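Peer 1: If you look up Swiss-Prot, you'll see 9, 10, 11, 12, 13, 14, 15, 16, 87, 88, 89, 90 marked as ATP binding site, on the strength of sequence analysis. Feature annotation from Swiss-Prot assigns active site, proton acceptor to 88; the stated evidence is sequence analysis. Here Swiss-Prot flags 145, 147, 182, 185 as Zn(2+) binding site, drawing on sequence analysis.
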């Protein structure tokens, strides 16, 4: 039986690397995979999933208007698909998460989704909210804060490196705009208005 998986984490936990490895494992066994990523995120070039360690794969793009079930069913009818993998799945809509559950339930194709659980305000993304609700399997990919604790929160930094938690939910950036930290240091950095000051304080504790 196929299942819907949600692999979630903070930033820089190796989500894209894990996706590419999963896709490779299927392909190595002669199975066909289809990879999707969000059209909104083109940091590494449109139409591909890239990891920070240099791996990459071509990918189909989705936006809020994409009919994922229809697309996948049409492609599956032409040539069998053995697994669908979705990067940046936090950008999925409620309807698209439902459609991916239909890919699993109606077409019997496993769907592996990789993305962030929460945004820089500590709020759930819509896609993540429904994946948490409807997935068969939830898997946390762990990364660590500068203090060594598990990083579960994402800080957004302005151009001067100051953390803030207001503004639009989606601003695409890499390491220079976002950093993963534990909950304690997320709260402290916002309170003090400086991640650097918190890091310095931690070094001297």
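Cβ atoms are placed via backbone N, Cα and C, with glycine included.
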Peer 1: Just checking, which of 11, 89, 147, 182 (binding-site residues) has the fewest C-beta atoms within 10 Å of its C-beta?
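Peer 2: Fewest other Cβ atoms within 10 Å, among the binding-site residues 11, 89, 147, 182, is found for 147.
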Peer 1: Which residues, same chain and not among 145, 147, 182, 185, have a CB within 8 angstroms of the centroid of the CB atoms at the recorded Zn(2+) site?
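Peer 2: So the additional residues around the site are 144, 146, 148, 149, 151, 181, 183, 184, 186, 202.
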Peer 1: Between residue 182 (Zn(2+) binding site) and residue 11 (ATP binding site), what C-alpha distance do you get in Å?
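Peer 2: Per the Cα atoms, residue 182 (Zn(2+) binding site) and residue 11 (ATP binding site) stand 12 Å apart.
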Peer 1: How big is the gap, in Å, between the Cα of residue 145 (Zn(2+) binding site) and that of residue 89 (ATP binding site), rounded to a whole number?
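Peer 2: Cα-Cα distance, residue 145 (Zn(2+) binding site) to residue 89 (ATP binding site): 23 Å.
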